[in-house]
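Taken from TrEMBL, the feature region 'Disordered' covers 62-85, 297-351. What TrEMBL lists as compositional bias 'Acidic residues' is 297-308. Residues or ranges marked as compositional bias 'Basic and acidic residues' in TrEMBL: 320-331. Among the features that TrEMBL reports, repeat 'WD' is placed at 379-420, 452-487, 494-525, 536-577, 578-611, 620-652.
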Amino acid sequence: DRQTLVAVLQFLRRSNLRESEEILRREARLLGDDLGGNVATVATSSPGVAAVAAVPPGKGEVRGECGVSPSSRREPREAGSPCAARKPRGLSVMLGHKVGGAVVVEDQPDVSAVLSAYNQQGDPTLYEEYYSGLKHFIECSLDCHRAELSQLFYPLFVHMYLELVYNQHESEAKSFFERFHGDQECYYQDDLRVLSSLTKKEHMKGNETMLDFRTSKFVLRISRDSYQLLKRHLQEKQNNQIWNIVQEHLYIDIFDGMPRSKQQIDAMVGSLAGEAKREANKAKVFFGLLKEPEFDVPLDDEDEEGENEEGKPKKKKPKKDNVGSKSKKQDPNAPPQNRIPLPELKDSDKLDKVMNMKEAARRVRLGPECLPSICFYTFLNAYQGLTAVDITDDSSMIVGGFADSTVRVWSVTPKKLRSVKTAADLSLIDKESDDVLERIMDEKTASELKILYGHSGPVYGTSFSPDRNYLLSCSEDGTVRLWSLQTFTCLVGYKGHNYPVWDTQFSPYGYYFVSGGHDRVARLWATDHYQPLRIFAGHLADVTCTRFHPNSNYIATGSADRTIRLWDVLNGNCVRIFTGHKGPIHSLAFSPNGRFLATGATDGRVLLWDIGHGLMVGELKGHTDTIYALRFSRDGEILASGSMDNTVRLWDAVKAFEDLETDDFTTATGHINLPENSQDLLLGTYMTKSTPVVHLHFTRRNLLLAAGAYSSQ
């Protein structure tokens, strides 16, 4: 136990046996220098569980260092609890290596430190025997445990292979890979392809995939019974090689209760680092909508035509729109109004809101019996290569980003696009006249299409500001550009990403915007700041898509590491990690009420998530290729998905989200029960002739607009 250990260490120190003290300390995972009370404690519950150590504030959560989480029945301990007192502050347990006899603990592992964890311990010729022995044991165990323990195959396979390569047993590594790589789940094929190219120790240095796998513990969620069974087996067989890897490289999140079924596990696994720890999805999220500001806008004469009085559309709106009705009284799940500073409403914004309410009054109420009409904008002869599309909220303009580095803006209404007059001409205008906003526009510049030049690489993301005055575009050249839609010129180039930027999006309130790219981080910007306000780091691969929550307090990011993360704009914390997709994520959509998130990926599945409980609540199968576009109708009744398989599909969102089982047990253990068949949620499939769907947009009256570039093959 701990007292004995400390006593022995003190004796060794007094006898000047520093080396023995060092070895024992490493074995027992005691890294503190002080042999008094402030030593990282060794948990005494079982021989296989080692020190629980605290991580500095802001460095993530406290966890069992050998990768075994504290009992899941207990809530995270409060600061005053006895265990909290035993955890030394500020001791980071990332990786220690010796420098001149002292143990140095590092936060950010460098490559050599990371790889040194692979120092040889076992006989290379026995690796295949160890692995096949464990495989035989798992395959012969009871069905209820087999599904859970099978999750070990992939991470053990990778680490044992890397250990052989690192210790230069190249032929053993090759034969190990060839013998067992076929047993791995099909969704790991891409990772295994990268792994198979690492055949020499030199290849491992500077290899990103390798570093990811080494620095992030692979998370497995296993019931206590299955875990005990595994531990007993490994200890009886004295199979230390595998036990060391389990302790060193895996994080086993143990829960009390029934083991999960194969279907339940399959739904959740598949990401680069296993599942999310349950702790990762426990933080409170304010997913409610902000209260709409109350304002009275005196209506102009032309606005009054066709309406009896100003109040009429407002009165109608609550009956029509289940989302709008909530905004009258404060939503209990909404963040405080001033939680993050939002821009003041300008008069033009207020007018736009009134127009929006009028449109809402005429909105078609969608449902299984009343599907939307779909209007498809096909980009013909887009030999420049269409790479991004966006449509303004009022559906008056459409923008395309192209592989030839241009950004092209079209007017979709009879009203042409005009620039503001030159400064000399503006000085002649009477500023007091009523139609001053009309007079400043130069009729000579009117055209249906404007082309914006400035990027030096393909444009991968575009986004209109809510007030339609600005346009964002992001590109392979590593910049995000802000364009004025008054002058059709570039106002700012934001440089922060060093690599291609895959997506960008304006906040629903304007002013803020988010970008995500190949450097694996998402950045939050404000239009009037050169530098990002927040950097959201945590993904293990490219950030491929970004979306603001309707209340603008959160940002969702989808990544090529096959996870979706939800970030808090206020403090930059990651508050949700969703795993379950089997390929890179390419589309995200929040429901209008802010409670749910839909995600689409290269695996052709749309997954539905309950943000408040942090749970997967649905899976929509039907598409046969990457899903690039997702959008909820204005009232949230219908979810539209668009894919590279040239189809638009409509799903019944009301039915998908009703009677959700989000009881405490489900939330605590992640035992999700997805309906077997998602076909009864599919309301319709609409084929294009040969046009992949890149973007979807519901107009204010619930007409569905879709866009894509015709491909001749």
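Along the chain as shown, residues are numbered 1 onward.
Yeah, the Cβs are placed from backbone N, Cα and C, and that goes for glycine too.
Curation does not apply to TrEMBL; its annotations are automatic.
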Inset, instruction - Quickly jot the same-chain residues contacting the repeat 'WD' (452-487) by Cβ under 8 Å, restricted to those at least six beyond its ends, or write none. - result: 346, 348-349, 352, 385, 387-394, 396-397, 399-409, 417, 419-420, 493-506, 508-510, 513, 515, 517, 525, 527
Legend entry - Cβ contacts under 8 Å made by the repeat 'WD' (578-611) with residues that lie 6+ beyond its boundaries: 187, 267-271, 274-276, 281, 285, 287-289, 322-323, 326, 333, 541-542, 544-551, 556-560, 562-566, 617-632, 634-636, 639, 641, 643, 645, 651, 653, 656-657, 660, 662
Legend entry - Tertiary contacts of the repeat 'WD' (379-420), as residues 6+ beyond its ends and Cβ separation under 8 Å: 352, 355-356, 426, 440-443, 445-464, 466, 468, 471, 473, 475, 477, 483, 485-488, 694-695, 697, 699-700, 703, 705, 707-710
Legend entry - pLDDT averaged over the residues of the repeat 'WD' (452-487): 95
Legend entry - Helix, strand and coil counts within the repeat 'WD' (452-487) (DSSP): 0 helix, 19 strand, 17 coil
